[in-house]
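Trainee: Take this structure first; my questions come after.
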Amino acid sequence: RLRLSGLCFLLQILTIILFAVFVRYSPESSAGLCSQQLNCSWRNQDSGFQHPRFRDVHLQALLGFGLLVAFLSRYGPGSVATSILIVAFAIQWAVLIQGFLYFFLNSKIYVGAQSMVSADFCTAAVLISSGAVLGKVNPLQLLLLTLLEVTLCTLNEYILLSLMGVSHQSGEGTRKGVTVGLGSSCFGAYFGLMVSRVLHQPHMDKRKEQQDTGQQPDVFAVVGTICLWIFWPSFTSATTARNDAEPWAVLNTYFSLVASTLATFVLSPVLSEENTPRVVQIQDATLAGVAVMGMAGEMLVTPFGALIAGFLAGQIPLLGFRFLTPILSSRLKIQDTCGVHNIHGLPGVLGALLGTLLTALATADAYGGRLELVFPLVAQGSRTAMEQALYQLCALLVTLLLATLGGILTGGILKMKRLRSPPATRELENTVLWEV
């Protein structure tokens, strides 16, 4: 407890000092600060247009992802408390790390509504990773995981955007496909899986590993599922730079969402003895359906294409939990507590492959005036559609590589004896979080 208190104190003092030295509010109406080094599209946008997006993304991170990890009856209230702790620190740290890479000008970091939206996306990746190690780490370890993952997740985005040019829209600030599809879903899932693999405890009591769901966790799942349905379209379109880019992302996401939910009602009676799916299964399908639209949401998927993608993605969680999760646990020794591989990882990979295919098929006839908005380098003639598609595919490979290596490194640090909880105190710590 003293270590957790001391780490929280040190991290907060550190962020206060860094904020005092570097962070300033962005004068969004001033064009004088614009330069080639600082992309003005991130901050010189109408505040009335940006603040509702920040609200929706923030609620999605707290209520959607926060309640997603609350389905274990022994860790339910404690998981929500820990999620709030993660969000509180991750947003501050993400503002700093992303600020040094994207908002830095004249030795200052200029923050606004868009920078907060970007920080929330990075926070979502950490919350996804925490689902893979839920019940195996204490809050002290989760804080250190947040510190490292936010840094690596931002570095991954910087490599994809600035070095590889994997961007769907004009301007480096428009990071929707990279941020949602690769940065949040894929990176968060596989980073957490690698941490779980390194922290594998072969002699852990099997009874404690059971993912028992009771009445209270189902209530959490109901609230979390409703929040996902309400806020996901805004979540996936929050980083589009212009109004005319938003409708595609919103509509494709929603069509994929409804089709993935129908897939749950198709498979659940076949794979289990239950007549109707549980709310947790609907929640999983909802997440899978929107994860597959992470990379391709702004592209010309067409309504029926979004339905097909969502229907395929909605089958992944049920099939994964039935057939793939036991293999991961028994052969690869990956104890995926919340099943983030089935809910976020595989649908995110499927979405990246779908985005690659759609990029290769992109033509001026199909996109019209939107080609410059969605694929600026292709419209300008700097790259062919096939070359841009190869960059999209390489982005997936780079993300998986960095997430794997980063997860192994982070797991090795968290495995240090001084950071682990003694077996006799684990239940006590959970009891304290229960009271919170």
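In case you wondered, yes, glycine gets a Cβ from its N, Cα and C as well.
Per TrEMBL, the features are:
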- 50-416: domain 'Ammonium transporter AmtB-like' (DOMAIN)
- 55-72: transmembrane segment (TRANSMEM)
- 84-105: transmembrane segment (TRANSMEM)
- 142-166: transmembrane segment (TRANSMEM)
- 178-199: transmembrane segment (TRANSMEM)
- 219-235: transmembrane segment (TRANSMEM)
- 247-267: transmembrane segment (TRANSMEM)
- 303-324: transmembrane segment (TRANSMEM)
- 345-369: transmembrane segment (TRANSMEM)
- 389-414: transmembrane segment (TRANSMEM)
Trainee: Over the domain 'Ammonium transporter AmtB-like' (50-416), what is the model's mean pLDDT?
Mentor: 80
Trainee: Which residues of the chain, 6 or more past the ends of the transmembrane segment (303-324), have a CB below 8 A from one of its CBs?
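Mentor: Hits for the transmembrane segment (303-324): 251-253, 255-264, 266-268, 271, 281, 284-285, 287-289, 291-293, 296, 339, 341-343, 346-347, 350-351, 354.
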Trainee: Is it the case that the transmembrane segment (345-369) and the transmembrane segment (178-199) have 3 or more CB pairs under 8 Å, with pairs at least 6 apart in sequence?
Mentor: yes
Trainee: Relative to the transmembrane segment (389-414), which of 142-166, 178-199, 219-235, 247-267 accounts for the most Cβ pairs at distances under 8 Å?
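Mentor: Checked against 142-166, 178-199, 219-235, 247-267; highest Cβ contact count belongs to 178-199.
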